[in-house]
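The following features are taken from TrEMBL:
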type     : residues                                                                               : note
ACT_SITE : Lys22                                                                                  : active site
ACT_SITE : Asp158                                                                                 : active site
BINDING  : Pro116, Val117, Gly118, Ala119, Gly120, Leu121, Ala122, Gly123, Gly124, Ser125, Thr126 : ATP binding site
DOMAIN   : 88-166                                                                                 : domain 'GHMP kinase N-terminal'
DOMAIN   : 225-286                                                                                : domain 'GHMP kinase C-terminal'
Amino acid sequence: MTQPEEAGQPTGRSISLDCPAKINLRLKVGPSRDEWGSRHQLDTIYSAISLHDRVDLTLREPGSGFALTLEGDHLGDLADGHADPKANLAVKALLALAGTTGRQPDVSIHITKRIPVGAGLAGGSTDAAGTLLGLNKLWGLGLPMTSLEPIAADLGADLPFCLHGGICKGADFGQKLTPLDTHSTEVARLTETGLTGHMLIGAYEKELSTARVYRTFDEVGSGHNDLNDLELAACTLHPRSGLALDLARGFGAGPAFISGSGPSVVAMVSEGDRAATLKAIWEREGAVDWIIEADSPVAPVVRPVSVTH
C-alpha cells in the first residue's frame, strides 16, 4: 500500500456532495483491446448535465466497517434487498481508496438516487467519483487528481470523467481525458449543432447491461448513426428507445440520441412549448417510462454541498 505523500487534516465527520449525470455528445466505438481487459477503443465527448444524485458520507466508529443505504423512486436492481453491497460502485470506490491509502473503510454511504439506474447516464460512476472526492476531503488525504484518476479508471471507463465534470474529450477506453473550455471553438461548434443547452431525457424502468450492449455492437455494428455507434445495439435490445428517437426526430427536435450504452434517450429541445409538446408525444405513444428535463454542460466537478464537524 502506498501512503499519499502529503496528507491534510480530516475536515469533519460527514460530507454531502451533488454528483452530476453525464451524457455522451459523441460516441465512436472501435475494436476491443486485450491490454484494456477487452474494453473497446472509444472516441467520445462527455458532458455533465444538471441532473444529480446526492451522496452523503459519514465516518463511523473504528472497526465498524462500511454501511450502504439508498433512497429514490427508481432504484431498479439497487432496490433488491439481497444485492451484495460490495457490488455497488460507490462501495468499490471506498474499498479501493481505503486499500490504496491504508485506511479502514469505516464509512456510511447514503445515496439519494435521482439519476436512472443502468441508463447510460453514469449514475453509478458519478456516485463513485463523489465517494472518492468526498473521502479525499473527509479523510484529509490531500491526494491530487492525478492520484485519484488511476483508481477511478480501474473501476470504470466513465469514472475519470465524473471526477472532472464539465465537458471533456475521452480517448483510449474513455479514461484519457482532454478538458474543453466552455469558450473554446470546439464547444462553440457543439452549440452551433444543437448539442448543448436544454434537453429532455426519456428514461426507463428497464436497465441495459453495458457489457451486453457492447456484445451486441460486436454482432450488429454501428449502423448509420453519426452521434453514437451504440445506438443500433441499444435499440436492438430495447426497441422503445428506437421509438422515442423516431418520435423526437419526426417532431423536429434538435439532435436526438442514445446516451452512452442506453437505454435512455436524449432529445435536445428548447424549454417551454416545444419541450411540453415532445413530452406529450412521448407520453401518448408510451415511448418512455418517465421524462427528465436537464441542461448541459454544467460547471465542472462533483460539488460538495456541506461538511459537518
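Even glycines carry a Cβ here, placed using N, Cα and C.
A map of TrEMBL features onto the structure.
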{"residue": "Lys22", "record": "active site", "Cβ within 10 Å": "29"}
{"residue": "Pro116", "record": "ATP binding site", "Cβ within 10 Å": "28"}
{"residue": "Gly118", "record": "ATP binding site", "Cβ within 10 Å": "21"}
{"residue": "Gly120", "record": "ATP binding site", "Cβ within 10 Å": "31"}
{"residue": "Ala122", "record": "ATP binding site", "Cβ within 10 Å": "29"}
{"residue": "Gly124", "record": "ATP binding site", "Cβ within 10 Å": "27"}
{"residue": "Thr126", "record": "ATP binding site", "Cβ within 10 Å": "31"}
{"residue": "Asp158", "record": "active site", "Cβ within 10 Å": "29"}
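Lys22 (active site) falls within a strand when secondary structure is assigned with DSSP. When the recorded positions Lys22, Pro116, Ala122 are screened for a C-alpha within 10 angstroms of the C-alpha of Asp158 (active site), the residues that qualify, in sequence order, are Lys22, Ala122. Cα proximity to Lys22 (active site) (within 10 Å) is found for the following binding-site residues from Pro116, Gly118, Ala122, Gly124, Thr126: Ala122, Thr126. Looking only at the domain 'GHMP kinase N-terminal' (88-166), the predicted model's pLDDT averages out at 95. Within 8 A of the CB centroid of the ATP site residues Pro116, Val117, Gly118, Ala119, Gly120, Leu121, Ala122, Gly123, Gly124, Ser125, Thr126, the other residues of that chain are Ala21, Ile115. Under the DSSP three-state reduction, Gly124 (ATP binding site) is assigned to helix.
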